[in-house]
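Have a look at the structure below, then the notes.
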Amino acid sequence: MVSNQRVRLFMLCFCLVNNAVIAATEDENVERKPYIVYMGEATENSLVEAAENHHNLLMTVIGDESKARELKIYSYGKNINGFVARLFPHEAEKLSREEGVVSVFKNTQRQLHTTRSWDFLGLVESKYKRSVGIESNIIVGVLDTGIDVESPSFNDKGVGPPPAKWKGKCVTGNNFTRCNNKVIGAKYFHIQSEGLPDGEGDTAADHDGHGTHTSSTIAGVSVSSASLFGIANGTARGGVPSARIAAYKVCWDSGCTDMDMLAAFDEAISDGVDIISISIGGASLPFFEDPIAIGAFHAMKRGILTTCSAGNNGPGLFTVSNLAPWVMTVAANSLDRKFETVVKLGNGLTASGISLNGFNPRKKMYPLTSGSLASNLSAGGYGEPSTCEPGTLGEDKVMGKVVYCEAGREEGGNGGQGQDHVVRSLKGAGVIVQLLEPTDMATSTLIAGSYVFFEDGTKITEYINSTKNPQAVIFKTKTTKMLAPSISSFSARGPQRISPNILKPDISAPGLNILAAYSKLASVTGYPDDNRRTLFSIMSGTSMACPHAAAAAAYVKSFHPDWSPAAIKSALMTTATPMRIKGNEAELSYGSGQINPRRAIHPGLVYDITEDAYLRFLCKEGYNSTSIGLLTGDNSNNTTKKEYNCENIKRGLGSDGLNYPSLHKQVNSTEAKVSEVFYRTVTNVGYGPSTYVARVWAPKGLRVEVVPKVMSFERPKEKRNFKVVIDGVWDETMKGIVSASVEWDDSRGHLVRSPILLFRSDNDYR
């Protein structure tokens, strides 16, 4: 008996020592990294008490009080409960098992999703209905690269003082000395401040231009004669020019970190913003490990809608980011204009390229060469001169000439890999870059430049090789008309894998070649040696689409200040304009369609979603009761609150478990039949009695039934329930993506449309 006890004691000691040795070995090989410890809803304790509680929790894992204080970087505590600390992986894992912790995840770097757009959307200046008094009380928080408050787009002439509800601050710093009555607040977040370029730290000033661009798209005042070096000349303005901007700088030269974004959300919610716009994204993660999903949930609890960019990794499927159903995820579509940069060859042939070339030619023709002919590499030298790689061309062969560069062959290569910088450094006169694939996105060039389609590039090569004295000229970019809207090639597509039965993106907005304000601290091309500065610039990305949707949300809120975030989002989705696009991606690329702000202020019916409904959805998605309780504060130390329990949630919530404005289902690849039921509740936001009749559009082979088919309302705020039953057989004609729709029509101008999309990934759906 004694012998067995000794053996057990020995084995216990051995395991403890062995685990300690393993941990020590890990510590030697792994550097401590910042982790975010998310603990749900903030308690009613003071920030000082919250920070001390975080320290005590960390100390239980670290085992040393002074070391714990050294390792803790930051505490959240205004609306979001949690902290950031430098941890080893095994310490993070141990913390994740502690009572009161929802999740522990590594701090990562995320990236920005980088004029006439409001006219294109129907908000023609002086010709659309506005509620200016209420609009001026709306505050949009922009989480981005900061702001240039000196831009004419943020002139506060005639603008009254900030709304009384505003609780934020203007934090001044280098190159940022003041706010005004338009930009009423500015803060910067860089919890780990090392590694910043000189002059960029400790300031909300925008050294990139991105934040100034997005902010002015939302609420910039009207500025006439705005252009980028004469390109796209016209009037620049925001969608809600009387609204206020609060700038939260979370993105720096190195990127945008999770911990900084979460800190900005915590501040913005407390400051009193009404809408949050964040054009940032990264890898898709479970909601409790996604800082944007976490921050947006806490914002939603305070009545704040968060608009997010869908991402720029298109056109492939499963590329969309920002997937939480409580955020509005925005795809990018085109305007009815494009930028054309014509190249003319010495033999009279022309090629229509794309760029933002603000240089007028000084000669009728320039000598033309190619990267291959301008090579300075000896036999066996490293590099590819045909694509104009740095270090492969000779100055004596480039000086004063236009250089043609073939398309790069790297994965995803599409030209534009700095060839303009290479050619300018060798005193070249211009650059023509061949594209592997067509693009709709125009970019600024350091010298005269144009990006031409692959076939045109081949003809240019043939011309160069056919004559002893090839010549070419690159004309200044001009604006031409095009059919629109269409989804931009870069815009990320669904479906998604985190919550497979929620359709993302939700909606689309202009994001291609958008003219808006720019920072005087940022170069036009992003090259450090580009000394040109401009008050306005043209940028593309879902980053540019997101602020259009944020402004549209603010516009709707100016007419309906008491509406919930979900109601505003529903109004924009159900009144959106469906799009026709090439291929079979359908709603996976544009969601419900392009925003139509004028229709959205009178949607007729809305699909509202409460906080409790989102919690039921999280239960259905498999998140545990304890974590959900912490998210809401129901599992806090407050003894008057009951613990949240998913077991008490009513079952039979339908195919998606949420009162979402769109209907989506990812079908198992082995299933030949489709059989789904969606339950929905609509709220009447129209005036007077009304009757709505359901209209269904569905392809052959798919039966879509709405029960009941008629709904009547006597007064505003009345609710009605209905269900949508979908049955069919998945045959070859349906391919992998099937689109349908349900529309509720009251014959008085209200048409409430919900797209239906079924997806099965085993087919060739392209």
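Using the three backbone atoms N, Cα and C, a Cβ is placed for every residue, glycine included.
Per Swiss-Prot, the residue annotated N-linked glycosylation site among N465, N637 is N465. Separating the Cα atoms of N175 (N-linked glycosylation site) and N233 (N-linked glycosylation site) is a whole-number distance of 28 Å. Here the Cβ of N175 (N-linked glycosylation site) has 18 other Cβ atoms within 10 Å, regardless of which shown protein chain they belong to.
On its own chain, N233 (N-linked glycosylation site) has S225, A226, S227 as residues at least 6 apart in sequence with a Cβ closer than 8 Å to its own Cβ. Across the domain 'PA' (365-460), DSSP classifies residues as 21 helix, 22 strand, 53 coil. As a summary of secondary structure, the domain 'Inhibitor I9' (35-113) carries 31 helix, 28 strand, 20 coil according to DSSP. For the pair formed by N465 (N-linked glycosylation site) and N624 (N-linked glycosylation site), distance between Cα atoms is given as 68 Å, rounded to the nearest Å.
The CA atom of N376 (N-linked glycosylation site) is located 57 Å away from the CA atom of N668 (N-linked glycosylation site).
Same-chain residues at least 6 positions away in sequence with a Cβ under 8 Å from that of N624 (N-linked glycosylation site) are, in sequence order, C646.
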